[in-house]
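Lifted from TrEMBL, the feature list:
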DOMAIN    A:70-255  domain 'ABC transmembrane type-1'
TRANSMEM  A:74-100  transmembrane segment
TRANSMEM  A:127-153  transmembrane segment
TRANSMEM  A:173-195  transmembrane segment
TRANSMEM  A:207-227  transmembrane segment
TRANSMEM  A:239-260  transmembrane segment
TRANSMEM  A:281-298  transmembrane segment
DOMAIN    A:347-540  domain 'ABC transmembrane type-1'
TRANSMEM  A:353-373  transmembrane segment
TRANSMEM  A:385-403  transmembrane segment
TRANSMEM  A:409-432  transmembrane segment
TRANSMEM  A:490-510  transmembrane segment
TRANSMEM  A:516-539  transmembrane segment
Amino acid sequence: MNNSKKFIHLYSKSLLSLGLLLIFILSLFSINWEDKLIHSGGKATLAQISRAIFSPDFSGEILHLSFISTWRTLVYAVAGISLAIIIAFIFGVLSSGILFKNKTTKKIFMHIFRRILGFMRSIHELIWAWLFVAALGLTPFSAIFALAIPYGGTLGRIFSDMLKDVSNKPIEALDSSGASNFQILFYGYLPMVKLDMISYTMYRFECAVRSSAIMSFIGLGGLGYQIQLSLADLAYNEVWTFIFFLVSLVIFIDLWSNILRNILIKDNNKSSIFGLNFKKLSFLLILTLLISSWWFIFKIEGADIFSFFSEKNYYYTKKFLSELIGIGRDDIAYLNLFHWKNALVLTLQTLNMSILAIGFSTIGMLITVIPVARNISDGSLGRTAKWYNRILFSIIRFIYIFSRAVPELIWAMIVIFVFKPGILPGAIALALHNFGILGKLSAEAIEGIDARPIKNLSTSGANSPEQLFYGIIPDIMKKFITYIIYRWEVILRTTIIVGFVGAGGLGHQFKLSMSYFHYTEITLILVCYILLVWFADILSDKMREIIK
Amino acid sequence: MKKIVTLLIIALMVFSLAACSNDESTNSDDNNKEKVFKIGGIPDQNASKLNRRFEDLAKYIGEETGLTVEYVPTVDYSALVTAFERGEIHLGWFGGLTGVQARNVVDGAEAIAQRPRDEEFHSVFIAQKDLELKKLTDVKGLSFTFGSESSTSGHLMPRHFLIEEGLDPKSDFDGQVNFSGSHDKTWKLVESGAFQTGALNEAVWESAVEEGKVDLDKVSVFYTTPAYYDYNWTINNVDKDFGKGTKEEVKEALLSVGEDQKEIMELFEADKFIETKNENYEAIKSVAKKLGIIK
């Protein structure tokens, strides 16, 4: 008994990876590979789409449209994330429990607010958007709230964790000096977590830009809207132009936040760009963005707070909610066994799609990650650097950024041109987006490993594959699995979205039910979706414990 | 810089206050301005064509009735129905099914006008030419795409006629059924080879052929459905907001479109609008009920 426990403990990582691999292989069987999976004309379409990458439409009209759409996408991202920060700050502080000294109140508050934050982020922003549009109509607020709530949930959870992890000593010192709880928060906690908060927020801001781009799906003009229109006209060269703009925006934010993070961590006040202090420059840029974005939303987009709190919105929100519950109806889907059966099949399909997606992403990552880690490509990890390593490094890094800068939904819209509708195109779209993220994280993990044991292997004459298997893999396996589990959680949340464009699972049923105004079916789908996300949360927590 | 977080929060608060006060001024502006009469249309085809079509018509209705008329584009069929329900769209160009959905949720909404062809509307089934299909049942085993889920001529009626012929869209096609989203996209997908067959609105097909956009060597019609009532102008309870008689005025304006508005009507693939009424769409309603789309 004890021995087997020991065995499990010793090999937990390997057992878990083996288990995950088995699940992935099982999920492959859910697809009938003997059927033709590609449309009869899919290959030709794929060729057309790929060719168009090299001839994007840079005509004046399209460029003009691109700039306007990029701006709108950015504006909504800024507005959404700024609200999210406020939400996250308030809820994060409350759920960290640092404001309360009484143990029981602390526990209760922490529990309640954790749950609220969890709920906020368990629903994808596009689903929030759809719900808001149904309740509030097509106002800019629908999109902004739809962004602010899930991002507030994610940021809030992280803020709360950061606050809880703050070292006790300075706080106790403040406490004993008689500082009030709020004084402790502002003078004790905040200065210590400020840097982490900023750098994590910057990372989420990059994600918010992508989310803002796909808000077009509910009727908001932006890059996603233009991509959708051009796809409808099968004008692939225009599609790529808009995608290039989106990618550039994401890369710009990525670079900016990287530099800012480095400067903040090193507390380097001297770094400058064009002779201007980078920190000050960043601060000014943020301020300008904030002001101009909100100005744009109120003045140009015509957002109106007063009409927002109107009787009319109250009436329609109430009506929408009672329709979701099915008040006064006798055909309530969530009380109907047949509907449940149908929804559970779709839930399984969705789960299946997420497993395929993470499997494909992992394969993609494993194939590409080795040349991409800086310490491998420059030879500092034992292997000699060959001339092609640098080139490979740059190409794959660019593919990583490119693939993750394009939101899953947009990948799905494109993939569906080539593959037949079903869970496979959905999984491929999700994998296209996620393998870049997984690759980047994993490359960083490799860059972070201790080089000495590997150098030893190298000097004792081990060749490249041997170095890989004995030196690198055991060291980074734990990190890889952690990232894979984490990305799987994110993917599961997004599977419903790719279903909107015909990629199967719960998402497609959601779209159909929305089109036909079958509200109680939507409730049922949402219930299944939330249960699935919760299940994934619990499961991944357990898996993380195993590999700890 | 040290207090960047605090500063940001303060900036945000100040700004949201400023935003609120901004808002009051725009709000009072709104009260002085006259109300805008908003028209919308289902996004069933090429967006740039729809923009021209409805913007020109909005201008015409404005001139005829003295109202300030504005066209509001939408990206989704059901979004237009929702906006109509909320009274944010006063006059909507709906398909047969979306019209029924819209009138279902707004008591007193009325179908007032349509094109002559909408009294006897058809869907066409198209296929890649070299498949040489002859009859509807030939689609069995081929890949197939509908238009939008909410489309009458691109989904509801084609599905209905497929079922009448004993075909099950769920299992009789190669792969799952696809929803392309719009009529233009349907023929483009078949022409490009992505799908072997598809069904779409006859009017959209004809105008694409007329304008020489379709390559008839690659794709052709092999079946045309029996006639049914389709597109219509459905008007909201506008007399309440714009004064008594507005509904009649708008209807009059639509019905008196003539030679002088030829360019507008070309964009509608017709030469005039004729009268219609809610009862004309009972058949559509019962088909939608039978297919479980309307409950």
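Residue numbers in this text run from 1 along the chain shown.
Cβ from N, Cα, C; glycine included.
What TrEMBL says about a protein is an automatic prediction, not a curated fact.
Counting Cβ pairs under 8 Å to the transmembrane segment (A:281-298), the stretch among A:74-100, A:207-227, A:353-373, A:409-432, A:490-510 with the most such contacts is A:74-100. Against the transmembrane segment (A:490-510), stretch A:353-373 has more CB pairs under 8 A than any other of A:74-100, A:127-153, A:173-195, A:239-260, A:353-373. Sequence-distant contacts of the transmembrane segment (A:353-373) (same chain, at least 6 residues past either end, Cβ-Cβ under 8 Å): 23-24, 27-28, 30-31, 381, 389, 392-393, 396-397, 399-400, 423-424, 426-428, 430-431, 434-435, 438-439, 442-444, 446-447, 468, 484, 487-488, 491-492, 495, 498, 503-505, 536. Counting residues 6+ beyond its ends, the transmembrane segment (A:409-432) has Cβ neighbours under 8 Å at 30-31, 35-39, 42-43, 45-46, 49, 126, 213-214, 217, 224, 227-228, 231, 239, 243, 349-350, 352-354, 356-361, 364, 403, 491, 494-495, 497-505, 507-508 in the same chain. Ranked by number of Cβ pairs under 8 Å to the transmembrane segment (A:127-153), the listed stretches A:173-195, A:207-227, A:239-260 are led by A:207-227. Sequence-distant neighbours of the transmembrane segment (A:239-260) (same chain, 6+ residues past either end, Cβ-Cβ under 8 Å): 49, 52-53, 56-58, 62-63, 66-67, 69-70, 73-74, 198-199, 202-203, 205-206, 209-210, 213, 223, 226-227, 230-231, 271, 278-279, 282, 285, 401-402, 404-406, 410, 414. Taking Cβ pairs closer than 8 Å, the transmembrane segment (A:173-195) reaches residues 93, 98-101, 159, 162-163, 166-167, 264-265 in its own chain, all 6 or more past its ends.
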